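One structure is given below, encoded as structure tokens.
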């Protein structure tokens, strides 16, 4: 009874079972990419029991009948989906192994221990997955020869019968081995472009139904086609498919938007606006600046009484315009604010004398309405320019604008009014944070003048000096420079009365003590006259200091003594912070050494003899050195080290002598 049920179950369930565990267990090294075609179509492959298996369909039919002839209700009759779609757990596998070890393959006793499984499910789980006698390794040459021989005898469909002659193999393994590797009708050559095209077109129609695709390619198995698609073709054709889908979605969205605008009455409003412009006959502006600075030309209307016939003809021509003419009037794409450059404001030109006052009033009223009209809350963003004409037509300014349709979107945008007479906002040319132009800056005051003005402010008890006129400022500065010049001349006269021996140190000390501050010396460069021109120097024979003279290049007729005084010695130079010779302490130390030390030009002959190496011992050592060098230069190099040692010893003896 048990053996009969086993044969029937194996015969019925052979093509239906497709668990992943089985597939991984008996797959060969060369079959690593092999998968069963049924595993793709069944989502419950891991359970080992597909929904379309014959025996499970039989159980459904029995469940629909209700009861058996014996009158007892079966499990499948009460629960038509009993145990389906539920994977086997590890605990169930362990329990099944223990029960088989205890009771053997007696499924009538083992089956009731699994409340959520049918007896046939338990039997198939053991026979196809858990049986330790199953061979799940690679196929041998003997097994392949046996499969080929059995297929010739029984045909390529009796896989359960063929599996009985192969110990450890089941019918599914034999079937996959034959169809994927052993069948002589299988093509194992490289894939051609024609086959790739057939697979691509079939995949577009059928999807992943590899068995149906294999029927269109004789000599190729479904498994080989699937592996070729996943490994090679998907990367190549997915990019093309995405581009086709993207262009199709754009075309679909543009068509939908066009239909929406047509239904909302945009075209009818466009024609009404054109008719209204023809009847009103106002004057249009010759050129108007739009958002991007592009000029749009319009018709200039003159006297209505004289040109009524021409306007009528023009209006009739506008009524018969095609869409291609309307595309030329499309509003250009607005430049983002962050990319706009500051433009200088161009004043509006006056209207010509021939324009009537009523026409001017109409234009101002239209511009005022455009400015006073507030932008509504977020409206839909303007569509981007597409390569075909519907989008250009929809962006025409004469059509119903998106703002008038009150379409809401997540991104708020500002309205772009393309009205005649619309004024452009004047942008600020300068800002407080911008650097002003050089021409706008006032004259800069030189540093010596600033210091002189600060000195005048000190004399005025800290009050700021404000001259009444430029001439008074010059007079005050000349007075300050004159006073400083007198003080310096007195200091120089006093310094000349010092003794000749201490002249250098005394001059530097007196100069550092009584010389004017550093900031006052800069003002002496402002003297515009030489000492000969000053009245207080006319009767005195005072020597002009070098720092009191002007630059010689400014006075080409300067006397020679002034130029001579300009190139003075170091001791007559003004105090310089960077020169150590002008410091008091340094000067005193130098003068002390100059006055106390006396240089003797006569050299002691004994000291010269020792210093120049002319003593007796030095000359003896020099002769020995010359002798050693002379002997060593004549000896050729050799590899006889003992000979060299003898020479060295002889030299040592010669040196010791």
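Glycine is treated like the rest: Cβ placed from N, Cα and C.
Record note: among 313-347, 348-382, 383-417, 453-487, 348-382 is the stretch given as region 'Disordered' by Swiss-Prot. The DNA-binding region annotation in Swiss-Prot falls on one of the ranges 210-233, 234-257, 258-281, namely 210-233. Checking the candidates 447, 551 against Swiss-Prot, the annotation phosphothreonine falls on 447. If you compare 160, 297, 566 in Swiss-Prot, the phosphothreonine annotation sits on 566. Swiss-Prot assigns the feature region 'Disordered' to one of the listed ranges (169-188, 189-208, 429-448, 489-508), namely 429-448. When 140, 549, 557 are compared with the annotations in Swiss-Prot, the one labelled phosphothreonine turns out to be 557. Residues 159-182 are the range that Swiss-Prot records as DNA-binding region, among 87-110, 111-134, 159-182. As a summary of secondary structure, the DNA-binding region (159-182) carries 17 helix, 0 strand, 7 coil according to DSSP. For the domain 'HTH myb-type 3' (187-237), the predicted model reports an average pLDDT of 90.
DSSP labels the residues of the DNA-binding region (210-233) in these numbers: 17 helix, 0 strand, 7 coil.
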